[in-house]
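See structure below.
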Amino acid sequence: MDYQDWNPVFIGNKKPEKKPEPTKKEKEKTKEKELKRAIKSGNVIIEKKRDAGKNAAKKQDVNMKNVEEAETFETKNVGLKLGKKIQQARATKKWTQKELGMRISEKQSVVNEYETGKAVKNNQILAKMEKALGVKLRGKI
């Protein structure tokens, strides 16, 4: 009799009575009571966390700050000679900076930085420029 449904079906005004759900305060009280019972019975072990929330970063020594501030880092820029060479090669091909940028898949601002000598040396970009312009740009100029 697998097809038998044993749950009662109410037709008409009879409705099953629902128990009201406990409020938040009642839930908290029951949790507290259960916790107290468990503590008394010895089922719960309480460990207090010490120094919680004091995960501050370690302070550096004052001397280390002075050493870091004293260090200077210099990056090698491409220089004006390379910039002039790129400009001349671009002028012989009669390209604008934008056209050269499109051919090497870079922005016009990148080409402008290389021509003014402000860009940081990047061999990949220089290799693209060499192929497009047909001029040697890396190594001794």
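Heads up, the Cβ atoms here are built off N, Cα and C, so glycines get one too.
Here is what TrEMBL records for this protein:
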type	residues	note
REGION	1-34	region 'Disordered'
COMPBIAS	14-34	compositional bias 'Basic and acidic residues'
DOMAIN	86-140	domain 'HTH cro/C1-type'
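Broken down with DSSP, the region 'Disordered' (1-34) shows 11 helix, 0 strand, 23 coil. Across the domain 'HTH cro/C1-type' (86-140), DSSP classifies residues as 35 helix, 1 strand, 19 coil.
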